[in-house]
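Copied over from Swiss-Prot, here are the features:
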type	residues	note
BINDING	GLN85, GLY103, GLU104, GLY105, LYS106, THR107, ASP492	ATP binding site
BINDING	CYS857, CYS859, CYS868, CYS869	Zn(2+) binding site
COMPBIAS	835-856	compositional bias 'Basic and acidic residues'
COMPBIAS	863-873	compositional bias 'Basic residues'
REGION	835-873	region 'Disordered'
Amino acid sequence: MLNFFKNLFDDNAREVKKLQRVVEEINGLEEKIAKLTDEELQGKTAEFKQLLENGKTLNDILPEAFAVCREASKRVLGMRHYDVQLIGGMVLHQGRIAEMRTGEGKTLVATLPVYLNALSGKGVHVITVNDYLATRDSEWMGKLYRFLGLSVGLIVHGIKPEDRRLAYNADITYGTNNEFGFDYLRDNMSLHPEQLVQRELNYSIVDEVDSILIDEARTPLIISGVADKPTHLYYTMAKIVPKLVREVDYTVDEKAHNVLLTEEGVSKAEKLLGIENLYDEANMEINHHLNQSLKAHGLMHRDRDYVVRDGEVVIVDEFTGRLMFGRRYSDGLHQAIEAKEGVKIEKESQTLATITFQNYFRMYNKIAGMTGTALTEEEEFRKIYGLDVVVIPTNKPTIRKDLADLVYKTEMAKFRAVVEDVVQRHETGQPVLVGTISIAKSELLSSLLKRRGVPHQVLNAKHHDKEAEIIAQAGRFKAVTIATNMAGRGTDILLGGNPEVFARAEMRKKGITEENAPAEYQQIVEKYMALCNEERAKVMEKGGLHIIGTERHESRRIDNQLRGRAGRQGDPGSSQFYIALEDDLMRLFGSDNIAGLMDRLGMEEDVPIENALITKSIETAQKRVESRNFSIRKHVLDYDDVMNQQREVIYAQRRKVLTGHNLAENIKDTITAVVERSVDMYCPEGVHEEEWDLAGLLEYAEGLYMPNHNIEPAELEEMGRQGLKDELLERTMSLYQKREEELGAETLREIERIVLLRLVDEKWMDHLDAMDQLREGIGLRAYGSKDPVIEYKFEAYEMFNNMIANIQDDVVRYIFRVNVAAPQERTQRQVVENRYAEEEGKQPIRKENQIGRNDDCPCGSGKKYKKCCGKNA
């Protein structure tokens, strides 16, 4: 094992040494580039573009382009890239992950590969975790890019489609992973080419890459429409479940995240619901609602998993502690929580389009990432995304002291010890940042500190509005800050405080901006700089920022991120974790022997222990959870890869239709496929001609591709299978030609385009639902000694082929029957975005009930109305 790590770090050192040679080349150009005037420096961009047009590669121009970017940064931003930052920039350009410690200037590092790759004109996407960071970085670094003659776009929630299109057409585009992903899905639901906003996915740099590509990898992006399902059952279950007794009527398995009824619970539930058999086929819906309500009451906790804000249940991100507005739990769980909390139940939704971040980001030609902590997840980055991790050396040595964990028997004993530590350090003036894993824990700690009279700031999902401001001042003298998890990532904690944050706050009070009054802003910054420098000296004397972790996270990476908030850029600092045996990680994954050990040692509740066995147990528990989570993500990907291949086929075909690419040929191919399939159905190969159902074939043809024909079965006898196909195809193509003459080629193309797009969208939507149901039940195949993934692939392939056949049938039927004489009324499906949904301008879906949804369709297709014309009526 030691050799493995030795080799790992040797490999890393070799990579860094290799890049050091290019750094020397860049440094050799510095003096020459510094002598250029602003105009000459700006002219370098056009010069580089010309070199690329003449056949040079990005690697050929890298040294000079980096030198130009560094010089422009000195002039525009007042910041010069360190040598280690040049190494980081090269790693990002190579399409790898640069692990850089907190405070090492990741935002500035990104300017180097962003500038270089933007010269190609194909676009660069810089992806951050929230709108605040995207806006901040696009404005801050945008000054540099604009100085060098490049355009900068910003994608944030709520901007109009035309503004999105402009932002994507810029050389460099900033935005969040959610916005980029949803724009991709929306583009693939567009009905007109001018509605498209994204262009080719060329190169992306993902900030906090571990958060986006690992922590959020299991969360699919979903655009959905409202489904027509009643909500009264959720309210019914919300009244019944509290009458069931935990551990008697049902058991809660937190590790497996499941709740199961006992035999007693089943009997009691049947009695309360007034039904004979809960598991009867007729009661499947009731059973499902009861299970979701049990999960809502037994597993989901208010102020940990979600909060209730303005009569709405809002999910809390388990990794960052931020509120996830617009995102909803699926499969009715969110509605069950709404019923439990007594708020209005929003209707369930039907998936219209979906993709995981794993598959979205794998579509880029080149992807790179930055984070402070990636090495622990290198295997996953390499296996799933093909990304290597390179650890970038720090500019100054890290001198932070990481103290040993303190382990307590109970949670309250642990919190009492944390409060004592905070009080003592606060009295000396040392700033303290306390990390908690939930809102409830942060508020408990806050109340304990209030009792002791310690002034402090709380940063959690309930108080996220001033996140950057609070976290930026966490390094001030006597500052005490409580933050859930990794809230505030992306904002540096400067010892003594951040003068620019102070200055911006004062400017806001005066009602002026930095852009409108740059001279006044600079004066205010200088005033606060003197104050902050004075405080910085006092804080340094007290040991710098101290980090307290109140619980070990299930991922070592998250713990390392918390520690990394202290000791930036060679500053002093320290960190320590306080652990209780009642903590979730220890309770669910730690060894039960530890509690017994503490009892045998006769440990008092308030006395901590430092023990190698316990430290090892914590590390083992974390590794087990990390391994389990990786397996889950890999498992999700195994299934999603099947869906992804199908998605790529559908979206590629859809894009061709949208842009009108060879549409008439596409329709002719579709007609051919439908005609040949109909002959294969009614006149199968290997069956004697006398047994062919020619009457059935003609009836089928009339309902599909030859309306009102006057062919008699006798006319088709003795033709043979190929002769039949040729005859029917010739007649159908003749009808199609007449159709084009009647309507005009341009009108028919537009009809074909709209019909194809709508049918593809509707069938794909149904297919997504069917695939979800297949995936839900496929795990049971394992009991029959079959590999569920292989079975899923096989059945998904069959379902996909059936969907394609259904699309072809319906397209042909509509084209031969559609009537454009009367003005058509268009009804737009209400679209609800599961995350960051805009509610303005939405209309409910209208339904006509003249024909029963389960009645045979009057068009004669033989299908039910709901599966045929009822969808498009």
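Each residue's number is its place along the chain shown, starting with 1.
Quick reminder: no glycine exception, Cβ is built from N, Cα and C everywhere.
Sequence-distant neighbours of THR107 (ATP binding site): residues of the same chain at least 6 apart with a C-beta under 8 Å from its C-beta are ASP137, TRP140, MET141, ASP207.
The Cβ of GLU104 (ATP binding site) lies under 8 Å from the Cβ of VAL84, GLN85, GLY88, ILE392, THR394, ASN395, ARG568, GLN569, each on the same chain and at least six residues away in sequence. The ATP site is set by GLN85, GLY103, GLU104, GLY105, LYS106, THR107, ASP492; from the centre of their CB atoms, other residues of the chain with a CB within 8 Å are MET100, THR102, LEU108, VAL109. Remark: GLY103 (ATP binding site) has ASP492, ARG568, GLN569, ASP571 as non-local neighbours, by Cβ distance under 8 Å and separation of at least 6 in sequence. Cβ environment of GLY105 (ATP binding site): MET79, HIS81, TYR82, GLN85 lie under 8 Å away, each six or more residues apart in the same chain. When the Cα positions of GLN85, GLY103, GLU104, GLY105, LYS106, THR107, ASP492 are compared pair by pair, the longest gap among these ATP-binding residues is 17 Å. Residues within less than 8 Å, Cβ to Cβ, of LYS106 (ATP binding site) and separated from it by at least 6 positions along the same chain comprise GLY88, ALA98, MET100, ASP207, MET370. Taking the binding-site residues GLN85, ASP492 in turn and counting surrounding C-beta atoms within 10 angstroms, the largest count is reached at GLN85.
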